[in-house]
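Here is the structure we will look at, set down as structure tokens.
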Protein chains: 2
Amino acid sequence: MAVDYQPPQCLSRPIEVPSKLLMGAGPSNAAENVLKAGSLPLLGHLHTEFTQIMDDVKQGIQYAFQTTNTLTLAISGTGHAGMEAALCNLIERNDVVLIGINGIWGERAADMANRQGADVQTVTKVAGENFSLADIEAALLQHKPAVLFLAQGESSTGVVQPIEGFGALCTKHNCLLLVDTVASLGGEPFYMDRWQVDVVYTGSQKVLGAPPGTAPISFGPRAVAKIAGRKTPISSFYFDMNWLGNYWGCDSQPRKYHHTAPISSIYALREALALLANEGLENSWNRHRQSRDRLISGLAKLNLKPLASEPAARLTCITAIRVPDGVDWKSVTTHAMSMRVEIAGGLGPTAGRIWRVGLMGQNATDERVDRVLEVLAESIKSATTPVTVMGRL
Amino acid sequence: MAVDYQPPQCLSRPIEVPSKLLMGAGPSNAAENVLKAGSLPLLGHLHTEFTQIMDDVKQGIQYAFQTTNTLTLAISGTGHAGMEAALCNLIERNDVVLIGINGIWGERAADMANRQGADVQTVTKVAGENFSLADIEAALLQHKPAVLFLAQGESSTGVVQPIEGFGALCTKHNCLLLVDTVASLGGEPFYMDRWQVDVVYTGSQKVLGAPPGTAPISFGPRAVAKIAGRKTPISSFYFDMNWLGNYWGCDSQPRKYHHTAPISSIYALREALALLANEGLENSWNRHRQSRDRLISGLAKLNLKPLASEPAARLTCITAIRVPDGVDWKSVTTHAMSMRVEIAGGLGPTAGRIWRVGLMGQNATDERVDRVLEVLAESIKSATTPVTVMGRL
């Protein structure tokens, strides 16, 4: 039989992938051994050698989240898949879901919760600020939600949300606490059990420094009970934690075929978690804090200001920088990219107002902080419209 | 701050991944250059060099599906994610969805469609058989569905479903035709446009021979119109084809950030599609057919019979073999695995009754067919209870 359409010419060219310093909001650069693990030979999704690797990954995720929760695994998708998996398992139609919105992640969570048929309520802060316990308690009293969503790392504004104390508050108000740590895990202290967080997820491609494509997630006992008590089916088969928990050996049943895990991505995730375990969480937290502090000092010398005026509200992993008047933000990022250094612009509510510099995983070092400062300074210089030109108009 | 739980010991061991011949139902072995592409440096998900690679992938998928559909891309998940993406975009609550069930894939599709709130109707065949045009026309007349699901490659039974003629039939009955080609694409002729298929998806890890983790998918004009005419939101943000189509450059708008594509997996998929484009679809189809024919001849010499008694119903990519009386199927696959060759057991309705040998992508060669025959023969010999022993009981 003959084909109707011929092969595309573009696929006869070799693949071209330049090396860049990824100092935006993620993905960050991966370590060489993590990338190499991703090219090891494939195994079957239920082979003993592979389920052993899944077990290793599970233990690494428990460590990274600081939890002993049994229902802990990696979703076969990117960070957004983690968010969707958390929400679709927890939410039944008409459940009241309270979303903290101080940037794009709350907006995305609200979008997803709406699609699950939730009664979505919001509590908001302007870009650059975070929520206090009092803010949240007032909203819990007002809306009586079944689930509260907070993003620990609001990457669109460079803001960290304190989580300590919020779990106890939610328990008191009979609400589950769901925390997004995509842009913070490994770079900000996080204690799932100690802080009584009911569900948490992250992405592989930020501080963990693995390629994007897997989303570590964990459900605590109250969340497991909510799923067990559902009256309606979980809308997604792919993200159904009952199936996924079995496949990941989280129950006492033999592992059944649910889907084929992304084998190579799980290899890479294992090696990224091994790097974290080897360094130790405290060391990783300290390294990220020190890198961020060095960046903030360097920015001050360039007369650049972080978006978050309150120092305690600044995220270690991603710093949002106000674009000075008279500077075209886009010319700056374009110039930086021409030097093979990625600096991100704003996102959602902060688009056009800020740059974002990520210091995550392999990129949270003095050398890379100094390099991004150098490139930023040069790019601003190159992009700034001279005042004399403005005067002539 | 100190951690509550220490790093797991298991992550201090190096990762161990043996090389095996993956002759089960998939994943199949990937070519060396495909695996290597997966370890190239990471790029940002909206970098020009990466969107160029996405464009290449898109053209490769269009070629593989034999379509010019604009809304063609790779879902950031495995084959099951492709199935879920197809169903959740097409289905609105109470839509009648007709599912052809002759193995596990129809069952899975019915499960997913139920979760979308569809009015699920089924048309069934016993394991080893497929559907005729008359079977389907009768069911279309009876149920008047909005969507019909068929699996071209029913991997649990080794059966191929003819697709030619079914698209025209569905159009006549005002129904969309959705086809699963996870276990067939590249190994069985498939013409999306010529056969008027409205939606098709596949997985990366079978004939294409890339690591699992991406699911090529395409929507034709009638399917696009169904999505555009929806009265309710798509239940999944992650799989929302409006967002995904924009990210993949399928509309005339600038690409917006939807999610972070699995960068490394997309590199590998590009290289796998390049191998297919270089070989040519017709050559790939012929190679898979010849390998399957060689396997069937070899099986006959071992007195082994395919599950599908009708030769035309036999899938090229995966052959289901009846387990002879007196042979413990599990001992055979365990013995084969000890020789580092994977042979699969049955799945769902065929569990315990058959073995499945996959000849996909890199594994559809004379040499590997001969090797799997050799290993199968030896494993059966090793696992068979000698008749003399039975006699003594």
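Backbone N, Cα and C define each Cβ position, glycine as well.
Here is what TrEMBL records for this protein:
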BINDING   B:R356  substrate binding site
DOMAIN    B:44-346  domain 'Aminotransferase class V'
MOD_RES   B:K206  N6-(pyridoxal phosphate)lysine
Nearest-integer angstrom distance between the alpha carbons (Cα) of B:R356 (substrate binding site) and the residue listed as 'N6-(pyridoxal phosphate)lysine': 14
PLDDT averaged over the residues of the domain 'Aminotransferase class V' (B:44-346): 98
Neighbour count (Cβ, 10 Å) for the residue listed as 'N6-(pyridoxal phosphate)lysine': 30
